[in-house]
Every structure is written in structure tokens, then in C-alpha cells.
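Taking it in order: structure first as C-alpha cells, then the write-up.
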Amino acid sequence: MRLHRNLVFATIDSLHLIFNEEKQADKVLKNTLKRDKRWGSRDRSFIAETTYDIVRWKRLYAEIAEVKEPFSRPNLFRLFTVWATLNGIKIPDWPQFEDTPTRRIKGKFDEFSKIRKLRESIPDWLDELGVKELGKKWDGEISALNQLADVVLRVNPLKATVKQVQNELLDNDIRTEAIKNVPHALKLKERANVFTTDAFKNGWFEVQDASSQKVAQFLKPEPGMRIIDACAGAGGKTLHIAALMENKGQVVAMDLYENKLTELKRRARRNGAHNIETRVIDSSKAIKKLIGKADKVLLDAPCSGLGVLKRNPDSKWKLQPEFLERIKNTQQEILTSYSRMVKPGGQLVYATCSILPSENKEQVNLFLTSEAGKDFTFVKDENIMPSTSGFDGFYMALLEKTK
Ligand SMILES: C[S@@+](CC[C@H](N)C(=O)[O-])C[C@H]1O[C@@H](n2cnc3c(N)ncnc32)[C@H](O)[C@@H]1O
């Protein structure tokens, strides 16, 4: 592979914004990729994938390059040099790459590969937490979470069948394959931009990881039910629920943030989902009005996001232990307050995209032994681990309210 100056510079500029100005990687890349209309899909992939790779391996590469944050521009080039060397890419003779110590880079890589927190490129505190919560399993999970995520689609049965989506994408040279036990999922065989296809624009599918698709399946929505998705965000799971209900009955999609619900409504129109009502949670009244009113409630709670680290590698560096403590309190508050919306005999699903027991099973157990949880019984739960599933890490628990 030959390195092109403007693509390397665009990567370095993106890294500067992500590392030194704490900007979100996906937003930075969205802007960077707008910079030059002449860039083709390969150029864009180079910038995006290289930037994400260097974000993912920041600690390891910084230790190898012997550079510290905040990274000066020459130091960002040193990180880039480590990336290129370890990926077997020939370093060009530009002034920025003078005296690249190729052998030393490879030697240090071998040396650091023996130390998990360096090999997996994670902060000390996260490594300690992983061991505390998952013991021996942590090794395999953090390694799986450092792999590049697959692109998975969820076919929208309100608009198309799986076969129709597969054929339509094939006409665009995009090959897909089915995923066992996830009936509406299609995995891309090679990465491609699916957002420019007519099939996407017409609402035939959404991009949604296979593990995330299992949450609505686990909830088992039925046509005619009233379902509350209380942490709906931009509606990834709301749209799935609406589709499984065949547009019959009602989905109430709630969130603290109006802008997320606005995006949800836009997506619902594209999906042809007509049974969704959005409600902003602007006071406790929003919840009180719905006490005892739902056949099923989904609590897709805010969490550490550790299960989706492959997709958001920059959260390794943004996540803080204090945030984790705060979010656990929020999870328990959400369980305590929002569970009241389940009607007698109804069901509650608590889900997170975390792999930590303290955000998952332990939260459910705490709730079940609390005053608020006394009317609920535990039915079943499922831990989806990245190492065994190959997809994102997720947790889901099904509880039932006594009649
Ligand atoms: C894991 S995300 C939801 C993702 C969404 N369900 C999906 O499938 O696309 C958690 C959501 O909870 C919302 N949230 C955070 N605190 C909340 C609270 N106290 N009540 C309701 N929603 C909350 C966040 O704004 C965020 O959209």
C-alpha cells in the first residue's frame, strides 16, 4: 500500500481533534470526510479505519513511540509510524517520517504484548475493573472488544423481506449473509457504505448489531399490545418493536432528550412505523401518567457501553470510574421508578450494552430485593459476550409483575 499525503494529513488532523480536543471520533470523521469531494470510497475508508485503529491502540502505540499526551503534531506522526510499521506498510521518505526506528518498534511491540493492559491498550483502572468483575473471562472479552465490528443490518419487515434486501444490495455489489437465531439480521461480507442505497433510503433496513436485535426479540412484543420503551434514544429498538407488532397496538417511546426523539420520529417515517408515540421525560409526571398502563416495558438503560467498545473505541479513553458509579445509581433509579408503568401480569425487560455484572445481574438482584421490586419475579436473563457471540456485548433480563 502506498501512503497518500492528503489522506495521511487528514488522519493526523482527525487524531489531533479526538485526542487533544476531546472531540467524539464519529463526529470528527464525519467532518473530515466532507473535506475533499474527490476522495473515493477507498480513500474515505483509509482515513476512517486508520483513525479508528490508532484511537483503539492509543496506549500501546504511545508506549511504543515513547510519546505522551497532549500529542504534538510530530508525536501524532510517531503514532502513525507505529501503526504503519506494525501493519507492514512502507514508510515514505517524507520529512515527517525521518529516522523511523522500524526494528525498535517491532521489538517493543513483542515486549509489550506480554502485558495485558498494554497489549489490549486500556487504562489501568479498566483492566483492574475487568478482572474484578469477570475474573479469567476478562482476557478473552477485552481481546474480542478490540476487534473491528462487523456491519449488521436489521431488515424492516414492514417494508421488505430479507431476500428482497439481499437482492437489492447485491445489485449494488454489496454481499450479505444471514445470522443464525437472528431472523432479520444480515451481515455484510465486506464493509460498504449502505446509507447511500435506495433500499436504506426507502426504510427497508436499519444498521443494528445482531446482539442489539436480540433485545426486542427477548421482549416478545405482540400486535395490539401497549409497549413502553422508556430509554428509547433515537429508537434503534423502538423501530424493531414497532415492526414486530406489525404496526398494531402502541409503542410509547420515551427519553430525557427531545432531540433524540425527534431523530426517532424521522426514522419511524422512513421505516413506515405508524404506531409510535414519543414522550419527553421532562418531569416525574411523564412517568406517573403511565403507571400500570403497559403490557410490557423495555428499560434499555444508560450504561458504561463496555459491550460496544469495538464500535466506540474512543470510549476507552473517555470513560471514567466516577461516571460508572453515577450511571449505576441511575440504572437503579430507572428500575425503581419506571417499573411502575408495568401493569399487573405485565413484563419488564432490563437491558444494557455492558458486560459488567455490576451493571447487569447485580442491578436486577438489587431491584428484586427492594421495596419497588417486591411485585416482580425473575423469569430469565441472557448475557451475550463478545468473545463467544462475535458481536456486541449485551445483557437482558425478563421480569414479570404479579397479577
Ligand atoms: C442505551 S441508550 C438507548 C438506546 C436506544 N434504546 C436504541 O436502541 O437505540 C440509553 C438512553 O437512555 C436515555 N436516558 C438516560 N437517562 C435516562 C433517564 N433517567 N430516563 C430515561 N432515559 C434516560 C439516554 O438519553 C439514552 O438515549
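Glycine is treated like the rest: Cβ placed from N, Cα and C.
Note: TrEMBL annotation is automatic and uncurated.
Look at TrEMBL and you will find C353 tagged as active site, nucleophile. Summarising the annotation, TrEMBL assigns S-adenosyl-L-methionine binding site to D255, D282, D300. Positions annotated as domain 'SAM-dependent MTase RsmB/NOP-type' by TrEMBL: 141-402.
Comparing the binding-site residues D255, D282, D300 on other C-beta atoms within 10 angstroms of each C-beta gives the minimum for D282.
Residues D255, D282, D300 are the ones the record ties to S-adenosyl-L-methionine, and the longest Cα gap between any two of them is 18 Å. Sequence-distant contacts (6 or more apart, same chain, Cβ under 8 Å) of the residue listed as 'active site, nucleophile' comprise S211, S212, C303, G305, L306, G307, V308, D392, G393, F394. According to its DSSP assignment, D300 (S-adenosyl-L-methionine binding site) is in a strand. Averaged over the domain 'SAM-dependent MTase RsmB/NOP-type' (141-402), the predicted model has a pLDDT of 98.
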